[in-house]
Amino acid sequence: MLRVGVIGVQGAVSEHIEAVKRAFERLGVEGEAFWLRRPEQLNAIDAIILPGGESTTISRLMQKNGLFEPVKKLGEEGLPIMGTCAGLILLAKEVEGAVEGQRFLELLDVRVNRNAYGRQVDSFEAPLKLSFSDEPFPGVFIRAPKIVELLNDKVKPIAWHGDEVVGVEQGNIIGLAFHPELTDDARLHEYFLRKAL
């Protein structure tokens, strides 16, 4: 049985839990998706999702709740972790526009610009190309970060908006600038969960 924790300190948690449940069904696997708030919940976990929200707040609360270092260590050891929007920022090695003193997990060798797509009013939806599917994916961008640079060839693009890379993977780590959990399309959650099977 797969156990998937969604970091539940702030952000779009319930939508990710529902998307993971849809992905379990599509994959035909038994699984449990839950809000991850305390370090002891990391025992016997198979995958972690870092949701959207506000990256500075999520980073601070993860540190306060004792989740930051254990999650970083699990990611370094190969546990599958997916970050969406603010979660991508937390995973990034380098962040433009970071708040002073903000800590990052630094599990993805990318440079991101924190609020490249502007304010809430600059949010948009657009069809995205995926590396593993011919069908376009409905991309929902809300004050999204931008992937400015892939820092080495270990980082592979998996999603594009036109010519722009908006999703990447590096080993078992996935970072997405958009919100797949705000659609009914579970393909990206399914792709992520395959890393934990």
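Each Cβ is built from the backbone N, Cα and C atoms, and glycine gets one as well.
Swiss-Prot annotations:
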{"type": "BINDING", "residues": "GLY53, GLU54, SER55, ARG114, ILE142, ARG143", "note": "L-glutamine binding site"}
{"type": "ACT_SITE", "residues": "CYS85", "note": "active site, nucleophile"}
{"type": "ACT_SITE", "residues": "HIS179", "note": "active site, charge relay system"}
{"type": "ACT_SITE", "residues": "GLU181", "note": "active site, charge relay system"}
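Mapped onto three states, the DSSP output places HIS179 (active site, charge relay system) in coil.
In sequence order, GLY52, CYS85, ALA86, ILE89, ASN115, PRO145 are the residues of the same chain, not among GLY53, GLU54, SER55, ARG114, ILE142, ARG143, whose CB sits within 8 A of the CB centroid for the L-glutamine site. Cβ-based crowding with a 10 Å cutoff singles out GLU181 as the top-ranked of the recorded positions GLU54, GLU181. Of the recorded residues, GLU54 (L-glutamine binding site) and GLU181 (active site, charge relay system) place their C-alpha atoms 16 Å from one another.
Taking the Cβ of ARG114 (L-glutamine binding site) as centre and 10 Å as the limit, one finds 19 other Cβ atoms among all the protein chains shown. Neighbour counts of Cβ atoms within 10 Å were compared across the recorded positions ARG143, HIS179; the minimum falls on ARG143.
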